[in-house]
Amino acid sequence: MMLRTFTLLLLCIWLNRGMTSMAAVESQPELWIESNYPQAPWENITLWCKSPSRVSSKFLLLKDNTQMTWIHPPYKTFQVSFFIGALTESNTGLYRCCYWNEKGWSKPSKILELEAPGQLPKPIFWIQAETPPFPGCNVNILCHGWLQDLVFMLFKEGYTEPIDYQVPTGTMAIFSIDNLAPENEGIYICRTHIQMLPTLWSEPSNPLKLVVAGLYPKPTLTAHPGPILAPGESLSLRCQGPIYGMTFALMRLEDLKKPYYYKKPIKNEAYFYFQALKTQDTGHYLCFYYDGSYRGSLLSDILKIWVTDTFPKTWLLVQPSPVIQMGQNVSLRCGGLMDGVGLALHKKGEEKPLQFLDATSNTGNNSFFLKNVTYRDAGIYSCHYYLTWKTSIKMATYNTVELIVVAWPSSVFKVGKTITLQCRVSHPVLEFSLEWEETTTFQKFSVDGDFIITNIEGQGTGTYSCSYRIESHANIWSHRSEPLKLVGPAVTGFLPWNSILNEAIRVSLTVQFLSLLLLVLWLQWKCRRLRLREAWLLGTAQGVAMLVILIALLCCGLCNGALTEEIEIIMPTPKPELWAETNFPQAPWKNVTLWCRSPSGSTKEFVLLKDGTGWIATRPASEQVRAAFPLGALTQSHTGSYHCHSWEEMAVSEPSEALELVGTDILPKPVISASLPIRGQELQIRCKGWLEGLGFALYKMGEQEPVQQLGAVGREAFFTIQRMEDKEEGNYSCRTHTEKQPFKWSEPSAPLELVIKELYPKPFFKTWASPVVTPGSRVTFNCSTSREHMSFILYKDGNEIASSDPVWGNPGTSTAHFLIISVGIGDGGNYSCRYYDFSIWSEPSDPVELIVTEFYPKPTLLAQPGPVVLPGKNVTLRCQGIFQGMRFALLQEGAHAPLQFQSASGTSVDFLLHTVGAEDFGNYSCVYYETTMSNRGSYLSTPLMIWVTDTFPRPWLSAEPSSVVTMGQNVTLWCQGPVHGVGYILHKEGEATSMQLWDSTSNEGAFPIINISGASIGRYSCCYHPDWMSPIKIQPSNTLELIVTGLLPKPSLLVQPGPMVVPGENMTFQCQGELPDSTFVLLKEGTQQPIEQQRPSGYRADFWMPVVRDQDSGVYSCVYYLDSAPLVASNHSNSLEIWVTDKPPKPSLSAWPSTVFKLGKDITLQCRGPLPGVEFVLEHDGEEAPQQFSEDGDFVIGNMEGKGIGNYSCSYRLQAYPDIWSEPSDSLELVGAAGPVAQECTVGNIVRSTLIVVVVVALGIVLAIEWKKWPRLRTRGSETDGRDQTIVLEECNQDGEPGTATNSPSSALQGVSVEQTVPI
């Protein structure tokens, strides 16, 4: 229900919203009435509409939400008039006006209601508060009457006469209430009348409730189902206070002048419903309550409600780089526009999110952490908003990040081994290149990005980087990647002293043993050479030598045993828990479901078994690592003993404790257990009953009545024996029963015998590091006693898991070290140890709670009253979790163990730090964990710094994007400090009011200033503003000057000696203005603060920068402002890019019109660099001297006789530094072009020439062979002695194919040789 009243809560609400709400008010036009009939204004009415801050070209008048008329004046103006004339029945209605700006029509003005003739319009009534939010501040009540020269009357409920009146010259009266007090509370209205007609009154304004806030504690405001919903969905806002019978009110900060929602309470709370949300319902809501005397509470915390159909996009950044070396840690930083919303990290290919950040830790800038990354962590990651309620809002992701893990198998070389360097990007590339910084000539190319580096003779070590090029720009290479250093093997740590000593003893004893053995052999060899009378001496020597050898061996064993060795704990698969649930508490056997839960996060399935019948069912593990086995109504077939197992990938757990179902009308038999009874100490007896909501009774054998009884306390109960003495010994059992009478009882448990035995004192037991660990950590337990030669047993949750044998060679204390190499999620729990000798055991040690974190979402940690405390005072740290029934631990950075433990029935606990001192200063965090399932814990809360001091640390004020901005631009002032959870306040020099940011949940406060105007110029500072009463001193921040540019002619900026300077030299910026008596400001792009300011006597300021460095490179400009108008500055000067380097950047080289020569055409090569005043030179491959010089960088290349073809590059030098040349540009190749006919002729000529060469070479070979034969034949002819020589034709049968018919003589002879005489 909407009550048509307004309420003042003196908390300066709209000041909290800063300039945002102010800008919104300024953009609303003003509407009023003028008439030339002062005694009867309805006879002739003109409506005026005025723009608040700018001229406009169009104005629009609306009546009853429909367009009535619009005016387009011939020139832009601030205000226009709409003539109405005499007021008649047709003219009555609701009027508003708008004006046109660059974004469209403005917001409508306030509604003017014209009623019947003879009546004045009803005035508008609202509040303005400009003072601090406590009784005693000043309040202005504003009444707007629409007409000028009216009499304004202020009335208060309970008074017949007006309490105040005014006759202003305008249309509005301001009634001031100074020093607000409780008697000023109540309901106010205002009325107007014409001065000449005191009997003609207007209608009363809407009533206004004046509530003095801060007299009651603030309520809490929550949203259901959540604070972020889609349009059309329903929302319920619940306001809850500590006091019954109050009236509750809901306000929206964006509409403070609109009526508020109010509700009568339901006990001490009220619900505000929104059936179908709209996007304009987005805003900041708060609530309060008040009594019948209008005494109000403090405002609740502001609750931001988002109504949107699409989430704003999130972005994801990787630190230090998306290409990460294996084994390192990586941070994935996720951010978005929404704060107070959970975030989830997703990996492509994975169904479930990898990590979560809860809503309380999301401040718009958060990080997920991947530790000790491997190649399994490589992939494409994205982050999304994570909601715990259902909604139809679409999720959007701005970007994804591909994480690349490089250097396989590591970045440490072993001589003779190889390492694969992997260069990766998230898009297709043409080719990768690998550079080695130690060798300039080294370069490798790869298509897939894998480079194999060998380390022969240790020569592969060094620093490598890679780059790539894409197909569309094949001549352009990317920037180099971050360098990766490959190093040789080195000592990465120190061996433990025990290991060094152990190894030294082994080597020493081995040398002694070998020496003595050689001595015995030498004596035996001598035996053969000695006389018999010396044999007894030899025997004695041999005996002594053997005795020494035996003693050495014995010492070896004793020395090795004297060293304390670490005993690795082989953790068994955790035992699951089995219990029963029912929806019939008085008759649970009517419907029973068995549940099995495992503490191990890697459990895949659960198996339920029944004794005598074996396997019953298998169920997959849920997200809570549990499974349900419904049995239904119990029958005789269900009776028996049940237990369950959990299955992992390679192991099956031990069976759970047996749950015995006896039958109908009888509850399952409970299980009883207790710790070791120790004389004179307290003893707790545990009775586990399998069902929720049961009563428990403890019995002692020989007594009929229960020894102790407990009501419904869950599935288990603990009976306490305050002091264990001899009379308490005996056999105990326990039973369970239903909560309500008539009781249904269980069978008695198995008996438990309690006997007090003689015991040694308990050992000293601790962990070497903190017992709060992350999965994968290394944990060592140290158990020791002052007694000698003791054996040790390590227990987890009362079960033995490891043991240590006695050490005989070490006098003094006995110690055992138990080691968990890599802690799993199921390894948490309560650990203890005992020691024993042959017959006597020790008392159990004090338990150590090993908490394995990162299983549940992290809690939040807050300090009350605040994180800054005076020495000697108390502070309460509240740890707020998510789940009920958890146990909480408080940790301090640098402390070995948690400071405090507490168990909670709700979701939060309070840790008290009493009388804090300097030693309590530091970072605190908390964690919660469940004690029933291996101490599975949450992530650690965000650290909270506790300051023990009498003075707040000084914050720092900065501007984003810069403190020098143009008129109309938006700027955000950031107040940053190390103290968390404290509000900030922003001061402007010369103004009494301040902008406040309440309940900051981060360590920085944002103060946005929208649409910078002349009123925004000034000097600002900020300080902390704690929301608790504290005597701690507050220091102001630095002073920031907000300068607005664009109001004076721009100056000129020069630099001497030039835009490029060698590191270590000096440079001077000269800023020349046009007006005298000016202050000059030097600016650098990318920095938020000015570099330097000067007030010279003339028109120019010289900014001297001595010994410049590389980081001084950048883009500079300057502005100036007059002393008569400080901080109202000129336009920016021209920008100057400064290079501080001894090697100018390389230029670019391009060809026009193309890189292909055409017949008779030239090509112009264009060399361009980033610096002015340079000389360019063009180089052609193959020519020693540069070819051409040019000041403008243009080179004309001709192709006479094909001399223009080839690779070109260019470089330049500054005229101020003629000896310093830049790097050469990337090479550019010019090629020639031939027509199709010429190309075909060329190819034909090449083919023909090749054939001619082959033929000529073949003929030459044949002629050479024949030439060699000729002298040999001639010599044989001279040696025939007159006989005819014959040439045997042995190849005659080879003229035809074998086996074919032929007419040759050879075929008839069938292979017989035929000789034919040939004259030579």
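Glycine is treated like the rest: Cβ placed from N, Cα and C.
The model shown is predicted, which means the values in this text are computed figures rather than measured ones.
Matching Swiss-Prot disulfide entries to the candidates Cys287, Cys383 identifies the partner of Cys334 as Cys383. Looking up Cys783 in Swiss-Prot gives a disulphide bond to a cysteine among Cys734, Cys833, identified as Cys833. Nearest in space to Asn44 (N-linked glycosylation site), taking C-alpha to C-alpha distance over the recorded positions Asn591, Asn970, Asn1131, Cys1167, is Asn970. Here the Cα atom of Cys879 (disulfide bond) is found 56 Å from that of Cys49 (disulfide bond). In space, Cys833 is the closest of the disulfide-bonded residues Cys49, Cys97, Cys833, Cys1071 to Asn329 (N-linked glycosylation site), judged by Cα positions. DSSP assigns Asn329 (N-linked glycosylation site) to coil in the three-state reduction, outside any helix or strand. Cα distances from Asn923 (N-linked glycosylation site) to the recorded positions Cys383, Asn731, Cys1167 are smallest for Cys383. In this structure, of the disulfide-bonded residues Cys49, Cys833, Cys879, Cys1210, the smallest number of CB atoms within 10 A of the CB marks Cys49.
The Cβ of Asn1066 (N-linked glycosylation site) has 12 other Cβ atoms within 10 Å, all protein chains considered.
Ranking the disulfide-bonded residues Cys423, Cys926, Cys1167 by the number of CB atoms within 10 A of their own CB puts Cys926 at the top. Of Cys97, Cys383, Asn591, Asn731, all annotated as recorded positions, the residue with the shortest Cα distance to Cys466 (disulfide bond) is Cys383. For the glycosylation sites Asn372, Asn591, the ranking by surrounding Cβ atoms (within 10 Å, all protein chains) places Asn591 first.
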